[in-house]
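Lifted from TrEMBL, the feature list:
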REGION    1-32  region 'Disordered'
COMPBIAS  1-16  compositional bias 'Basic and acidic residues'
DOMAIN    67-345  domain 'DUF7847'
TRANSMEM  83-109  transmembrane segment
TRANSMEM  129-162  transmembrane segment
TRANSMEM  183-214  transmembrane segment
TRANSMEM  220-241  transmembrane segment
TRANSMEM  275-302  transmembrane segment
TRANSMEM  322-355  transmembrane segment
Amino acid sequence: MVADDESRRGEGEIVSHDAGWGPQGPPPYGQGVPPYGGVPPGGFGWMPPLPPKPGVIPLGPPLDLGKILGGAFGTLGRCWTHLLAVGSALYGGLLVLMGVVAGTGYLIFKSAVDEMVDQETFSPDGTSVGAAVAVGILLWLLFIVLVLYITGVLTALVYVLLEPSVVGQRLTVREAWRRAHSRAWACVGTALLTGLIVMVPVIAAVVVIVILAATVGQSSVGLVVLLGILLGLGALGYAVWMGIRLSMGPVAVVLEAASPVTALRRSAQLVRGSWWRIFGIMLLGYLIASVASQVVQIPLQIILPLAGIGLGTSDSAEAGLVVVLLLMLLVMAVSMIASVFVNAFMQLVIGVLYVDRRIRTEGLAPALLEAAGVAAAPPQDPPYPYGGAPGRHA
């Protein structure tokens, strides 16, 4: 993650794969973490200098839980305008496009739709019904493709924004959008491949349970139930284990410009040896995101029923209906924006964990300091415990 030259550094252009974020070797001998319980250099009471922190995390020793969550919150605080701008543009464009397409389809098949509404004059016509079904399927497929694309862009955007935030740099919204757009479909492919790897054994276990339940007699129902419980627990455990193992795939897709298959292999490599720690931190991040989501959703769920009560007592039913529709649009917009930030926080937790794992296993900190333009703090000898310098006391 080092700038190509000084001019590109000034524009916020950061090279991800070839200079800094690519796979690194192990940290140099002697630069590992001190053994647990050991006496720090210089004895008790002496603290080494704090590592440089040009961005949202300190670039030095491995990160603890507080620094990982702080890095996620810090990136969200630095880049919330980027997420809001891109998320609003994408979801707003999706709503407008689907409204235009649905309205155009209605105008084209208006007569058939009107006949369907009027049950007395409606007579099924294979051609008109088939055309309407075909249009509906095409609209559904278009909607799925657009949602996948939006999900890919927003996922890539989170890690595009995390990269400069770690080294204290910033991207413009336009540059962030350009880079996220270029990795969107790679993120989609990684997510689909991860889902396939995780869910195929789970689906296979369900199929086995269904087949056993349909073929065995009544006398073996208890055995089938017990086997189903064991298979279900095993499938659930596998899904969680593999999901955590592959969780850093999207980060590698964006920050290392890796293909989906290579990114999933990188994720498995980085998670190895620290699965339980990563699982615990991700679980805590998920709980924080869930609480934040509920804080936003509960007031919205209260507003709509109250609006419905107001509609029933309003002197003007049409005016009340307009108010309800506007409130529904407001709730939908707020829900979409909230989902963007909640999902971004969870992805940022994974992204900072990725950085932490690379600092721990590959010694990434010097490359990050170089990208930030900050010199590493030189090692300092602890102060002489009696004051002055050694050799001045009898």
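Using N, Cα and C of the backbone, Cβ positions are placed for all residues, glycine too.
With respect to Cβ pairs under 8 Å, the transmembrane segment (220-241) is most closely packed against 183-214, considering the stretches 83-109, 129-162, 183-214, 322-355. Sequence-distant contacts of the transmembrane segment (183-214) (same chain, six or more residues past either end, CB-CB distance under 8 Å): 148-149, 151-153, 155-156, 160, 224, 227-228, 231-232, 234-236, 238-239, 242-243, 246, 249-250, 253-254, 257, 259-261, 263-264. Here the transmembrane segment (83-109) has Cβ contacts under 8 Å with residues 76, 128, 131-132, 135, 139, 142-143, 146-147, 150, 153-154, 157-158, 161, 173, 176-177, 180, 336-337, 340-341, 344 of the same chain, all six or more residues outside its ends. Under 8 Å from some Cβ of the transmembrane segment (129-162) lie the Cβ atoms of residues 75, 78-79, 82-83, 86-87, 90-91, 94, 97-98, 101-102, 105, 108-109, 112-113, 171, 176-177, 179-188, 191, 250-251, 253-255, 340, 343-344, 347-348, 351-352, 355, all in the same chain and six or more residues away from its ends.
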